[in-house]
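Trainee: There's a structure below that I have some questions on.
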Amino acid sequence: MVAPMYGSPGGRLARAVTRALALALVLALLVGLFLSGLTGAIPTPRGQRGRGMPVPPASRCRSLLLDPETGQLRLVDGRHPDAVAWANLTNAIRETGWAFLELHTNGRFNDSLQAYAAGVVEAAVSEELIYMYWMNTVVNYCGPFEYEVGYCERLKNFLEANLEWMQKEMELNNGSAYWHQVRLTLLQLKGLEDSYEGSVAFPTGKFTVKPLGFLLLQISGDLEDLEVALNKTKTNHAMGSGSCSALIKLLPGQRDLLVAHNTWHSYQYMLRIMKKYWFQFREGPQAESTRAPGNKVIFSSYPGTIFSCDDFYILGSGLVTLETTIGNKNPALWKYVQPTGCVLEWMRNVVANRLALDGDSWADIFKRFNSGTYNNQWMIVDYKAFVPGGPSPGRRVLTVLEQIPGMVVVADRTSELYQKTYWASYNIPSFESVFNASGLPALVARYGPWFSYDGSPRAQIFRRNHSLVHDLDSMMRLMRYNDFLHDPLSLCKACTPKPNGENAISARSDLNPANGSYPFQALHQRSHGGIDVKVTSTALAKALRLLAVSGPTWDQLPPFQWSTSPFSGMLHMGQPDLRKFSPIEVSWD
(Lines of atoms letter the chains of each structure in order from A and count residues from 1; the text may use other names and numbers.)
(Lines give C-alpha, C1' and ligand atoms only; values in the text may rest on other atoms or scores of the structure.)
Protein backbone atom coordinates (compact mmCIF):
# COMPACT_ATOMS: atom_id res chain seq x y z
CA MET A 1 0.00 0.00 0.00
CA VAL A 2 1.28 3.47 -0.88
CA ALA A 3 1.17 5.92 2.02
CA PRO A 4 -1.12 8.92 1.28
CA MET A 5 0.57 12.21 0.52
CA TYR A 6 -0.12 15.15 2.80
CA GLY A 7 -1.98 16.93 0.01
CA SER A 8 -4.55 14.15 -0.30
CA PRO A 9 -7.57 13.82 2.04
CA GLY A 10 -5.82 10.92 3.76
CA GLY A 11 -2.64 12.98 4.00
CA ARG A 12 -4.46 15.94 5.56
CA LEU A 13 -5.96 13.57 8.13
CA ALA A 14 -2.54 12.10 8.90
CA ARG A 15 -1.09 15.60 9.31
CA ALA A 16 -3.92 16.64 11.62
CA VAL A 17 -3.48 13.51 13.72
CA THR A 18 0.28 14.11 13.92
CA ARG A 19 -0.25 17.71 15.07
CA ALA A 20 -2.83 16.62 17.63
CA LEU A 21 -0.51 13.96 19.03
CA ALA A 22 2.38 16.43 19.22
CA LEU A 23 0.19 18.98 21.01
CA ALA A 24 -1.07 16.31 23.42
CA LEU A 25 2.50 15.29 24.20
CA VAL A 26 3.56 18.89 24.88
CA LEU A 27 0.53 19.46 27.10
CA ALA A 28 1.21 16.23 28.97
CA LEU A 29 4.80 17.27 29.60
CA LEU A 30 3.72 20.72 30.78
CA VAL A 31 1.11 19.19 33.06
CA GLY A 32 3.73 16.80 34.37
CA LEU A 33 6.10 19.66 35.16
CA PHE A 34 3.31 21.60 36.86
CA LEU A 35 2.22 18.65 38.93
CA SER A 36 5.67 17.47 39.92
CA GLY A 37 5.64 19.85 42.86
CA LEU A 38 2.31 18.48 44.02
CA THR A 39 3.33 14.86 43.68
CA GLY A 40 6.65 15.32 45.44
CA ALA A 41 8.63 13.78 42.58
CA ILE A 42 12.12 12.89 43.79
CA PRO A 43 15.42 13.48 42.00
CA THR A 44 18.01 10.89 41.08
CA PRO A 45 20.41 10.28 44.01
CA ARG A 46 23.08 13.01 44.09
CA GLY A 47 26.06 10.76 43.37
CA GLN A 48 24.30 9.09 40.43
CA ARG A 49 23.03 12.07 38.44
CA GLY A 50 23.89 11.90 34.77
CA ARG A 51 24.94 8.24 35.02
CA GLY A 52 21.72 6.48 34.03
CA MET A 53 20.10 3.98 36.38
CA PRO A 54 21.44 4.32 39.94
CA VAL A 55 23.57 1.41 41.12
CA PRO A 56 23.57 0.76 44.87
CA PRO A 57 26.91 -0.34 46.32
CA ALA A 58 27.37 -3.79 47.84
CA SER A 59 27.70 -2.16 51.25
CA ARG A 60 27.80 1.32 52.72
CA CYS A 61 28.15 2.67 56.26
CA ARG A 62 27.56 6.30 57.21
CA SER A 63 27.44 8.28 60.46
CA LEU A 64 25.93 11.62 61.39
CA LEU A 65 28.16 13.79 63.57
CA LEU A 66 27.22 16.88 65.58
CA ASP A 67 29.76 19.68 65.79
CA PRO A 68 29.58 20.78 69.47
CA GLU A 69 30.74 24.31 68.66
CA THR A 70 28.65 25.19 65.61
CA GLY A 71 25.74 22.80 66.17
CA GLN A 72 26.02 21.71 62.54
CA LEU A 73 25.28 18.15 61.47
CA ARG A 74 27.71 16.40 59.14
CA LEU A 75 27.48 13.07 57.32
CA VAL A 76 30.69 11.04 57.16
CA ASP A 77 31.59 7.60 55.88
CA GLY A 78 32.05 4.72 58.30
CA ARG A 79 30.90 4.03 61.84
CA HIS A 80 31.93 6.62 64.45
CA PRO A 81 31.51 6.03 68.19
CA ASP A 82 30.53 9.67 68.82
CA ALA A 83 27.93 9.79 66.05
CA VAL A 84 24.34 10.75 66.82
CA ALA A 85 23.36 7.82 64.60
CA TRP A 86 24.97 5.43 62.16
CA ALA A 87 23.60 3.00 59.61
CA ASN A 88 25.05 0.17 57.57
CA LEU A 89 23.43 -1.25 54.44
CA THR A 90 24.46 -4.57 52.92
CA ASN A 91 22.88 -5.12 49.52
CA ALA A 92 22.38 -8.84 48.86
CA ILE A 93 19.25 -8.46 46.73
CA ARG A 94 20.81 -10.31 43.79
CA GLU A 95 21.94 -13.18 46.03
CA THR A 96 19.10 -13.53 48.57
CA GLY A 97 16.32 -11.15 47.55
CA TRP A 98 17.06 -8.93 50.56
CA ALA A 99 19.14 -5.93 51.48
CA PHE A 100 19.99 -5.63 55.19
CA LEU A 101 19.97 -2.33 57.06
CA GLU A 102 21.30 -1.91 60.59
CA LEU A 103 20.72 1.44 62.32
CA HIS A 104 21.85 2.60 65.78
CA THR A 105 21.33 5.87 67.64
CA ASN A 106 23.37 7.29 70.51
CA GLY A 107 21.67 7.71 73.90
CA ARG A 108 23.99 10.58 74.82
CA PHE A 109 21.89 12.80 72.57
CA ASN A 110 18.27 13.82 73.12
CA ASP A 111 15.47 11.79 71.57
CA SER A 112 14.51 14.40 68.97
CA LEU A 113 18.03 14.62 67.56
CA GLN A 114 18.33 10.83 67.60
CA ALA A 115 15.09 10.44 65.64
CA TYR A 116 16.04 13.01 63.01
CA ALA A 117 19.52 11.50 62.71
CA ALA A 118 18.02 8.02 62.25
CA GLY A 119 16.17 9.21 59.17
CA VAL A 120 19.23 11.02 57.85
CA VAL A 121 21.58 8.03 58.00
CA GLU A 122 19.00 5.60 56.60
CA ALA A 123 18.52 7.72 53.49
CA ALA A 124 22.28 8.28 53.23
CA VAL A 125 23.01 4.55 52.90
CA SER A 126 19.96 3.54 50.84
CA GLU A 127 19.28 6.48 48.51
CA GLU A 128 19.65 4.43 45.30
CA LEU A 129 17.19 1.82 46.54
CA ILE A 130 14.80 4.58 47.65
CA TYR A 131 14.89 6.12 44.18
CA MET A 132 14.24 2.80 42.43
CA TYR A 133 11.46 1.83 44.85
CA TRP A 134 9.78 5.21 44.36
CA MET A 135 9.99 4.83 40.59
CA ASN A 136 8.57 1.31 40.73
CA THR A 137 5.63 2.09 42.99
CA VAL A 138 4.46 5.69 43.47
CA VAL A 139 6.07 7.93 40.86
CA ASN A 140 2.79 8.35 38.97
CA TYR A 141 0.59 8.53 42.04
CA CYS A 142 -1.20 11.87 41.71
CA GLY A 143 1.24 12.54 38.90
CA PRO A 144 1.42 12.93 35.11
CA PHE A 145 -0.79 10.70 32.96
CA GLU A 146 -2.63 9.15 35.93
CA TYR A 147 -3.79 12.28 37.65
CA GLU A 148 -7.21 12.75 39.23
CA VAL A 149 -7.27 16.43 40.08
CA GLY A 150 -10.20 16.32 42.47
CA TYR A 151 -9.08 13.27 44.42
CA CYS A 152 -5.45 14.38 44.66
CA GLU A 153 -6.46 17.78 46.01
CA ARG A 154 -8.72 16.09 48.55
CA LEU A 155 -5.92 13.72 49.58
CA LYS A 156 -3.40 16.56 49.89
CA ASN A 157 -5.87 18.60 51.95
CA PHE A 158 -6.66 15.59 54.16
CA LEU A 159 -3.00 14.88 54.88
CA GLU A 160 -2.18 18.54 55.52
CA ALA A 161 -5.12 18.88 57.91
CA ASN A 162 -4.11 15.67 59.69
CA LEU A 163 -0.49 16.80 60.06
CA GLU A 164 -1.67 20.18 61.37
CA TRP A 165 -4.02 18.53 63.88
CA MET A 166 -1.24 16.27 65.15
CA GLN A 167 1.07 19.29 65.49
CA LYS A 168 -1.50 20.98 67.73
CA GLU A 169 -1.92 17.83 69.81
CA MET A 170 1.85 17.56 70.26
CA GLU A 171 1.92 21.15 71.53
CA LEU A 172 -1.08 20.69 73.85
CA ASN A 173 0.23 17.38 75.22
CA ASN A 174 3.95 18.09 75.37
CA GLY A 175 4.38 15.85 78.43
CA SER A 176 2.62 12.84 76.88
CA ALA A 177 4.58 9.69 76.05
CA TYR A 178 2.16 8.97 73.18
CA TRP A 179 2.62 12.31 71.47
CA HIS A 180 6.34 12.24 72.19
CA GLN A 181 6.59 9.05 70.13
CA VAL A 182 4.41 10.52 67.36
CA ARG A 183 6.77 13.49 67.18
CA LEU A 184 9.84 11.23 67.05
CA THR A 185 8.29 9.24 64.20
CA LEU A 186 7.63 12.40 62.19
CA LEU A 187 11.14 13.67 62.94
CA GLN A 188 12.59 10.42 61.63
CA LEU A 189 10.57 10.84 58.43
CA LYS A 190 11.71 14.48 58.20
CA GLY A 191 15.34 13.38 58.51
CA LEU A 192 14.85 10.79 55.78
CA GLU A 193 13.36 13.39 53.44
CA ASP A 194 15.95 16.09 54.20
CA SER A 195 18.84 13.67 53.80
CA TYR A 196 17.66 12.42 50.43
CA GLU A 197 17.27 16.01 49.23
CA GLY A 198 20.73 16.97 50.53
CA SER A 199 19.48 19.62 52.99
CA VAL A 200 20.26 18.21 56.44
CA ALA A 201 19.40 20.70 59.20
CA PHE A 202 17.74 19.73 62.47
CA PRO A 203 14.41 21.59 62.82
CA THR A 204 14.54 23.57 66.07
CA GLY A 205 10.91 24.70 66.06
CA LYS A 206 7.80 23.57 64.24
CA PHE A 207 8.45 21.36 61.28
CA THR A 208 6.43 19.71 58.58
CA VAL A 209 6.77 16.85 56.11
CA LYS A 210 5.55 17.02 52.55
CA PRO A 211 2.06 15.49 52.33
CA LEU A 212 2.83 13.90 48.96
CA GLY A 213 6.54 13.33 49.50
CA PHE A 214 8.07 10.42 51.39
CA LEU A 215 4.91 10.28 53.49
CA LEU A 216 3.39 8.45 50.50
CA LEU A 217 5.77 5.55 51.11
CA GLN A 218 4.55 5.28 54.71
CA ILE A 219 0.82 5.43 53.97
CA SER A 220 0.58 2.85 51.18
CA GLY A 221 -1.69 0.73 53.39
CA ASP A 222 -3.74 3.70 54.60
CA LEU A 223 -4.17 4.82 50.98
CA GLU A 224 -6.18 1.73 50.11
CA ASP A 225 -8.94 3.07 52.34
CA LEU A 226 -8.32 6.79 51.83
CA GLU A 227 -8.88 6.29 48.10
CA VAL A 228 -12.38 4.95 48.75
CA ALA A 229 -13.20 7.37 51.57
CA LEU A 230 -12.10 10.34 49.44
CA ASN A 231 -13.94 9.10 46.33
CA LYS A 232 -11.07 8.26 44.01
CA THR A 233 -12.58 7.25 40.67
CA LYS A 234 -10.06 4.53 39.84
CA THR A 235 -8.50 2.55 42.67
CA ASN A 236 -5.69 0.01 42.44
CA HIS A 237 -7.26 -2.36 44.96
CA ALA A 238 -8.93 -5.40 43.42
CA MET A 239 -12.19 -6.45 45.05
CA GLY A 240 -11.53 -9.50 47.24
CA SER A 241 -7.76 -9.14 46.99
CA GLY A 242 -5.89 -10.85 49.79
CA SER A 243 -3.14 -9.05 51.62
CA CYS A 244 -1.06 -11.50 53.67
CA SER A 245 -1.39 -14.83 55.46
CA ALA A 246 -0.27 -15.49 59.04
CA LEU A 247 -0.03 -18.54 61.26
CA ILE A 248 0.73 -18.90 64.96
CA LYS A 249 1.40 -22.55 65.71
CA LEU A 250 1.78 -24.31 69.07
CA LEU A 251 3.93 -27.39 68.53
CA PRO A 252 3.04 -30.76 70.14
CA GLY A 253 3.69 -30.84 73.86
CA GLN A 254 3.82 -27.02 73.82
CA ARG A 255 7.54 -27.42 73.16
CA ASP A 256 7.66 -24.28 71.02
CA LEU A 257 5.52 -21.50 69.63
CA LEU A 258 6.16 -20.52 66.01
CA VAL A 259 5.00 -17.28 64.41
CA ALA A 260 4.94 -16.88 60.62
CA HIS A 261 3.77 -14.30 58.11
CA ASN A 262 3.79 -13.93 54.36
CA THR A 263 3.13 -10.67 52.61
CA TRP A 264 0.84 -10.49 49.58
CA HIS A 265 1.60 -7.54 47.35
CA SER A 266 2.01 -6.33 43.79
CA TYR A 267 5.28 -7.61 42.39
CA GLN A 268 6.56 -4.08 41.70
CA TYR A 269 7.04 -3.84 45.49
CA MET A 270 9.61 -6.67 45.66
CA LEU A 271 12.58 -4.40 46.39
CA ARG A 272 13.06 -5.54 49.97
CA ILE A 273 15.10 -4.53 53.01
CA MET A 274 15.30 -6.40 56.31
CA LYS A 275 15.85 -3.74 58.98
CA LYS A 276 17.25 -3.59 62.48
CA TYR A 277 16.64 -0.41 64.50
CA TRP A 278 18.48 0.04 67.81
CA PHE A 279 17.13 3.28 69.26
CA GLN A 280 17.88 4.84 72.63
CA PHE A 281 14.60 6.75 72.98
CA ARG A 282 12.93 7.44 76.29
CA GLU A 283 9.25 6.65 76.78
CA GLY A 284 8.35 10.29 77.31
CA PRO A 285 9.94 13.70 76.83
CA GLN A 286 11.07 14.03 80.45
CA ALA A 287 14.78 13.57 81.16
CA GLU A 288 14.01 11.09 83.93
CA SER A 289 11.76 8.97 81.72
CA THR A 290 12.85 5.35 81.27
CA ARG A 291 13.95 3.89 77.96
CA ALA A 292 11.14 2.75 75.67
CA PRO A 293 10.67 -1.05 75.86
CA GLY A 294 10.41 -1.40 72.07
CA ASN A 295 13.61 0.46 71.15
CA LYS A 296 15.07 -2.69 69.59
CA VAL A 297 13.12 -3.91 66.59
CA ILE A 298 13.67 -6.24 63.64
CA PHE A 299 11.24 -6.01 60.73
CA SER A 300 10.79 -6.74 57.05
CA SER A 301 10.41 -3.54 55.08
CA TYR A 302 11.06 -1.50 51.94
CA PRO A 303 13.37 1.36 50.88
CA GLY A 304 12.36 4.72 52.32
CA THR A 305 9.81 3.12 54.65
CA ILE A 306 10.42 3.55 58.39
CA PHE A 307 8.01 0.82 59.50
CA SER A 308 7.30 -2.66 58.16
CA CYS A 309 4.11 -2.18 56.11
CA ASP A 310 3.90 -6.00 55.79
CA ASP A 311 3.49 -5.89 58.92
CA PHE A 312 5.87 -8.14 60.90
CA TYR A 313 7.99 -7.09 63.89
CA ILE A 314 10.21 -8.81 66.46
CA LEU A 315 10.61 -6.47 69.42
CA GLY A 316 13.10 -6.21 72.25
CA SER A 317 10.14 -6.10 74.64
CA GLY A 318 9.50 -9.81 74.01
CA LEU A 319 6.59 -9.17 71.66
CA VAL A 320 6.12 -10.28 68.07
CA THR A 321 3.45 -8.24 66.30
CA LEU A 322 1.95 -8.96 62.88
CA GLU A 323 -1.20 -8.38 60.88
CA THR A 324 -3.26 -9.27 57.85
CA THR A 325 -5.55 -6.75 56.22
CA ILE A 326 -9.32 -7.14 56.61
CA GLY A 327 -10.44 -3.94 54.89
CA ASN A 328 -13.92 -2.46 54.94
CA LYS A 329 -16.74 -3.19 52.48
CA ASN A 330 -19.41 -1.07 54.19
CA PRO A 331 -19.71 2.40 52.57
CA ALA A 332 -21.63 3.74 55.58
CA LEU A 333 -18.48 3.53 57.72
CA TRP A 334 -16.33 5.87 55.62
CA LYS A 335 -17.87 8.84 57.44
CA TYR A 336 -15.57 7.95 60.36
CA VAL A 337 -12.46 8.65 58.27
CA GLN A 338 -11.67 12.25 59.16
CA PRO A 339 -8.40 14.24 59.17
CA THR A 340 -8.84 15.48 62.73
CA GLY A 341 -9.03 13.24 65.77
CA CYS A 342 -7.10 10.46 64.05
CA VAL A 343 -3.55 9.18 63.73
CA LEU A 344 -2.98 7.13 60.58
CA GLU A 345 -2.51 3.42 61.14
CA TRP A 346 1.16 3.20 60.15
CA MET A 347 2.12 5.61 62.91
CA ARG A 348 -0.12 4.07 65.58
CA ASN A 349 1.56 0.72 65.09
CA VAL A 350 5.02 2.33 65.43
CA VAL A 351 3.98 3.99 68.70
CA ALA A 352 2.33 0.84 70.09
CA ASN A 353 5.37 -1.28 69.22
CA ARG A 354 7.68 1.15 70.97
CA LEU A 355 5.71 1.68 74.18
CA ALA A 356 3.87 -1.59 74.87
CA LEU A 357 5.03 -4.32 77.24
CA ASP A 358 2.23 -6.82 76.54
CA GLY A 359 -0.80 -7.41 74.36
CA ASP A 360 -3.18 -5.44 76.55
CA SER A 361 -1.04 -2.31 76.59
CA TRP A 362 -0.32 -2.67 72.86
CA ALA A 363 -4.05 -2.73 72.09
CA ASP A 364 -4.78 0.18 74.44
CA ILE A 365 -2.17 2.34 72.71
CA PHE A 366 -3.01 1.29 69.16
CA LYS A 367 -6.77 1.79 69.34
CA ARG A 368 -6.46 5.46 70.33
CA PHE A 369 -7.29 7.88 67.52
CA ASN A 370 -8.55 5.15 65.16
CA SER A 371 -8.17 6.47 61.62
CA GLY A 372 -10.35 3.80 60.01
CA THR A 373 -7.59 3.30 57.43
CA TYR A 374 -5.35 0.28 56.78
CA ASN A 375 -7.93 -1.85 58.56
CA ASN A 376 -6.22 -4.98 59.85
CA GLN A 377 -6.41 -7.95 62.15
CA TRP A 378 -3.42 -7.57 64.48
CA MET A 379 -1.89 -10.44 66.44
CA ILE A 380 0.34 -9.65 69.42
CA VAL A 381 2.34 -12.64 70.64
CA ASP A 382 3.98 -12.18 74.04
CA TYR A 383 6.84 -14.67 74.32
CA LYS A 384 7.38 -13.59 77.94
CA ALA A 385 4.10 -15.32 78.81
CA PHE A 386 4.86 -18.53 76.91
CA VAL A 387 6.43 -21.39 78.91
CA PRO A 388 7.89 -24.11 76.65
CA GLY A 389 6.45 -27.48 77.66
CA GLY A 390 4.10 -25.87 80.15
CA PRO A 391 0.30 -25.68 80.31
CA SER A 392 -1.71 -22.76 79.02
CA PRO A 393 -1.20 -19.66 81.16
CA GLY A 394 -4.82 -18.77 80.38
CA ARG A 395 -4.04 -15.39 78.88
CA ARG A 396 -1.41 -12.98 77.55
CA VAL A 397 0.28 -15.28 75.01
CA LEU A 398 -1.96 -14.15 72.12
CA THR A 399 -3.98 -10.95 71.85
CA VAL A 400 -6.04 -10.29 68.72
CA LEU A 401 -7.25 -6.84 67.64
CA GLU A 402 -9.42 -5.95 64.66
CA GLN A 403 -10.00 -2.42 63.38
CA ILE A 404 -12.49 -0.98 60.91
CA PRO A 405 -13.73 2.62 60.68
CA GLY A 406 -15.47 3.55 63.92
CA MET A 407 -14.75 0.23 65.65
CA VAL A 408 -11.86 -1.59 67.34
CA VAL A 409 -12.45 -4.99 68.98
CA VAL A 410 -9.85 -6.73 71.15
CA ALA A 411 -9.79 -10.16 72.83
CA ASP A 412 -7.29 -12.50 74.43
CA ARG A 413 -7.12 -15.67 72.31
CA THR A 414 -4.61 -17.64 74.39
CA SER A 415 -7.10 -20.31 75.45
CA GLU A 416 -8.27 -20.83 71.86
CA LEU A 417 -4.66 -21.11 70.69
CA TYR A 418 -3.90 -23.83 73.25
CA GLN A 419 -7.16 -25.65 72.51
CA LYS A 420 -6.84 -25.67 68.68
CA THR A 421 -2.99 -25.47 68.66
CA TYR A 422 -3.05 -22.80 65.95
CA TRP A 423 -4.33 -19.36 65.05
CA ALA A 424 -4.56 -18.54 61.35
CA SER A 425 -5.15 -15.12 59.79
CA TYR A 426 -6.17 -14.63 56.16
CA ASN A 427 -7.79 -11.22 55.60
CA ILE A 428 -11.21 -12.03 57.05
CA PRO A 429 -12.37 -10.72 60.46
CA SER A 430 -12.64 -13.30 63.22
CA PHE A 431 -14.96 -11.23 65.43
CA GLU A 432 -18.58 -11.58 64.37
CA SER A 433 -19.33 -7.94 65.18
CA VAL A 434 -16.49 -6.74 62.93
CA PHE A 435 -17.40 -9.23 60.18
CA ASN A 436 -21.01 -8.04 60.12
CA ALA A 437 -20.24 -4.32 60.42
CA SER A 438 -17.63 -4.42 57.64
CA GLY A 439 -20.17 -5.48 55.00
CA LEU A 440 -18.93 -9.03 54.41
CA PRO A 441 -22.32 -10.79 54.84
CA ALA A 442 -23.49 -9.18 51.58
CA LEU A 443 -20.44 -10.55 49.75
CA VAL A 444 -21.04 -14.02 51.18
CA ALA A 445 -24.64 -13.82 49.98
CA ARG A 446 -23.49 -12.83 46.49
CA TYR A 447 -20.33 -14.90 46.00
CA GLY A 448 -20.57 -17.70 48.55
CA PRO A 449 -18.18 -18.97 51.24
CA TRP A 450 -15.04 -17.54 49.57
CA PHE A 451 -15.65 -14.43 51.73
CA SER A 452 -16.60 -16.32 54.92
CA TYR A 453 -14.36 -16.80 57.95
CA ASP A 454 -14.63 -20.59 58.09
CA GLY A 455 -15.24 -21.41 54.42
CA SER A 456 -12.64 -19.38 52.55
CA PRO A 457 -9.94 -21.38 50.73
CA ARG A 458 -7.15 -20.37 53.10
CA ALA A 459 -9.27 -21.10 56.17
CA GLN A 460 -9.79 -24.63 54.89
CA ILE A 461 -6.15 -25.16 53.90
CA PHE A 462 -4.86 -23.95 57.26
CA ARG A 463 -7.39 -26.18 59.05
CA ARG A 464 -6.26 -29.20 57.01
CA ASN A 465 -2.50 -28.57 56.96
CA HIS A 466 -1.55 -26.87 60.26
CA SER A 467 -0.86 -30.27 61.85
CA LEU A 468 1.94 -30.80 59.30
CA VAL A 469 3.98 -28.11 61.07
CA HIS A 470 6.46 -29.61 63.52
CA ASP A 471 9.50 -27.33 63.16
CA LEU A 472 10.76 -24.18 61.42
CA ASP A 473 11.29 -25.87 58.05
CA SER A 474 7.79 -27.35 57.90
CA MET A 475 6.33 -23.98 58.95
CA MET A 476 8.22 -22.36 56.08
CA ARG A 477 6.83 -24.98 53.67
CA LEU A 478 3.25 -24.39 54.76
CA MET A 479 3.59 -20.62 54.45
CA ARG A 480 4.98 -21.09 50.91
CA TYR A 481 2.30 -23.61 49.98
CA ASN A 482 0.53 -23.21 46.64
CA ASP A 483 -0.45 -26.34 44.74
CA PHE A 484 -3.47 -24.75 43.08
CA LEU A 485 -3.29 -26.95 39.98
CA HIS A 486 -3.86 -30.10 42.07
CA ASP A 487 -5.38 -29.03 45.40
CA PRO A 488 -9.21 -29.32 45.44
CA LEU A 489 -9.37 -26.50 48.03
CA SER A 490 -7.89 -24.13 45.43
CA LEU A 491 -10.73 -24.66 42.97
CA CYS A 492 -13.05 -21.80 42.04
CA LYS A 493 -16.35 -23.25 40.88
CA ALA A 494 -17.44 -20.05 39.14
CA CYS A 495 -14.11 -19.64 37.31
CA THR A 496 -12.89 -20.87 33.96
CA PRO A 497 -10.48 -22.55 34.43
CA LYS A 498 -11.39 -23.69 37.92
CA PRO A 499 -7.92 -23.97 39.55
CA ASN A 500 -6.94 -20.49 40.77
CA GLY A 501 -3.53 -19.28 41.96
CA GLU A 502 -5.11 -16.83 44.43
CA ASN A 503 -6.63 -19.68 46.45
CA ALA A 504 -3.56 -20.73 48.42
CA ILE A 505 -1.52 -19.79 51.48
CA SER A 506 0.93 -17.92 49.23
CA ALA A 507 -0.88 -16.59 46.17
CA ARG A 508 0.47 -16.68 42.60
CA SER A 509 -2.14 -14.65 40.73
CA ASP A 510 0.33 -14.12 37.89
CA LEU A 511 -0.26 -17.76 36.87
CA ASN A 512 -4.00 -17.35 36.27
CA PRO A 513 -4.79 -17.28 32.52
CA ALA A 514 -5.40 -13.79 31.13
CA ASN A 515 -8.32 -15.05 29.02
CA GLY A 516 -10.07 -16.81 31.90
CA SER A 517 -13.49 -16.03 33.29
CA TYR A 518 -13.65 -14.93 36.95
CA PRO A 519 -16.47 -13.69 39.22
CA PHE A 520 -14.44 -10.87 40.84
CA GLN A 521 -11.15 -9.04 40.38
CA ALA A 522 -9.00 -10.84 42.95
CA LEU A 523 -9.22 -14.06 40.94
CA HIS A 524 -8.00 -12.50 37.67
CA GLN A 525 -4.46 -12.64 36.35
CA ARG A 526 -2.48 -9.96 38.22
CA SER A 527 1.13 -9.12 39.08
CA HIS A 528 0.27 -10.04 42.64
CA GLY A 529 0.97 -12.80 45.12
CA GLY A 530 2.85 -13.82 48.23
CA ILE A 531 6.23 -12.08 48.03
CA ASP A 532 8.00 -13.41 51.14
CA VAL A 533 7.81 -15.49 54.33
CA LYS A 534 9.11 -14.62 57.80
CA VAL A 535 9.22 -17.23 60.60
CA THR A 536 10.42 -16.99 64.18
CA SER A 537 10.37 -19.18 67.29
CA THR A 538 10.85 -18.83 71.04
CA ALA A 539 14.64 -19.02 70.82
CA LEU A 540 14.93 -16.98 67.63
CA ALA A 541 12.63 -14.20 68.82
CA LYS A 542 14.55 -13.90 72.10
CA ALA A 543 17.72 -13.35 70.04
CA LEU A 544 15.85 -11.03 67.63
CA ARG A 545 16.36 -13.44 64.75
CA LEU A 546 14.19 -15.09 62.11
CA LEU A 547 14.10 -17.20 58.98
CA ALA A 548 13.08 -15.35 55.83
CA VAL A 549 12.68 -15.90 52.11
CA SER A 550 12.04 -13.29 49.42
CA GLY A 551 9.92 -13.61 46.29
CA PRO A 552 6.86 -15.54 45.09
CA THR A 553 6.70 -19.21 46.03
CA TRP A 554 8.29 -21.76 43.71
CA ASP A 555 7.91 -24.86 45.89
CA GLN A 556 5.18 -26.47 43.75
CA LEU A 557 5.23 -23.94 40.89
CA PRO A 558 7.72 -22.43 38.44
CA PRO A 559 9.66 -19.47 39.86
CA PHE A 560 8.56 -15.99 38.86
CA GLN A 561 10.68 -14.35 36.16
CA TRP A 562 10.00 -10.81 35.00
CA SER A 563 11.31 -11.29 31.45
CA THR A 564 9.03 -14.24 30.69
CA SER A 565 5.98 -13.06 32.63
CA PRO A 566 2.97 -11.18 31.22
CA PHE A 567 4.19 -8.17 33.22
CA SER A 568 7.67 -7.75 31.76
CA GLY A 569 6.82 -4.18 30.73
CA MET A 570 6.13 -3.06 34.30
CA LEU A 571 8.86 -0.99 35.91
CA HIS A 572 10.87 -3.12 38.35
CA MET A 573 14.15 -1.25 38.76
CA GLY A 574 16.70 -2.95 40.98
CA GLN A 575 14.90 -6.28 41.10
CA PRO A 576 16.48 -9.57 39.98
CA ASP A 577 14.88 -10.95 36.82
CA LEU A 578 14.50 -14.47 38.25
CA ARG A 579 13.09 -14.83 41.79
CA LYS A 580 14.41 -18.22 42.87
CA PHE A 581 15.73 -17.70 46.39
CA SER A 582 15.96 -20.11 49.31
CA PRO A 583 15.21 -19.28 52.96
CA ILE A 584 17.99 -17.67 54.99
CA GLU A 585 18.52 -17.08 58.70
CA VAL A 586 18.57 -13.37 59.50
CA SER A 587 20.77 -12.38 62.43
CA TRP A 588 22.99 -9.49 63.39
CA ASP A 589 26.06 -9.46 65.63
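Using the three backbone atoms N, Cα and C, a Cβ is placed for every residue, glycine included.
On a predicted model such as this, the values are computed, not experimentally measured, just so you know.
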Trainee: Candidates are C342, C492. Which one does Swiss-Prot pair with C495 through a disulfide bond?
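Mentor: Answer per the record: C492.
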Trainee: So, in Swiss-Prot, which cysteine from C61, C142 is disulfide-paired with C152?
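Mentor: Matching partner in the record: C142.
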Trainee: Using only C-alpha positions, which one of N110, C142, N174, N231, N515 is spatially nearest C492 (disulfide bond)? These are the recorded positions in the record.
Mentor: N515
Trainee: Please work out the number of neighbouring Cβ atoms within 10 Å of the Cβ of N110 (N-linked glycosylation site), leaving out its own Cβ.
Mentor: 13
Trainee: Please classify the secondary structure at N436 (N-linked glycosylation site) using three-state DSSP.
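Mentor: Going by the DSSP assignment, N436 (N-linked glycosylation site) falls within a helical segment, counted as helix.
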Trainee: Sort the recorded positions C142, C152, N174 by C-alpha distance from N515 (N-linked glycosylation site) and give me just the closest.
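Mentor: Nearest by Cα distance to N515 (N-linked glycosylation site): C142.
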Trainee: List, in sequence order, the same-chain residues at least six positions removed whose CB sits under 8 Å from that of N436 (N-linked glycosylation site)?
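Mentor: Counting only residues 6 or more apart in sequence, N436 (N-linked glycosylation site) has no Cβ neighbour under 8 Å.
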Trainee: Please name the residue among the glycosylation sites N88, N231, N515 whose C-beta has the most neighbouring C-beta atoms within 10 angstroms.
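Mentor: Result for the most crowded candidate: N88.
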Trainee: Counting every protein chain present, what is the number of Cβ atoms, excluding its own, within 10 Å of the Cβ of N174 (N-linked glycosylation site)?
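Mentor: The Cβ of N174 (N-linked glycosylation site) has 12 Cβ neighbours within 10 Å.
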Trainee: Rounded to an integer, what is the Cα-Cα distance in Å between C495 (disulfide bond) and N465 (N-linked glycosylation site)?
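Mentor: Cα-Cα distance, C495 (disulfide bond) to N465 (N-linked glycosylation site): 25 Å.
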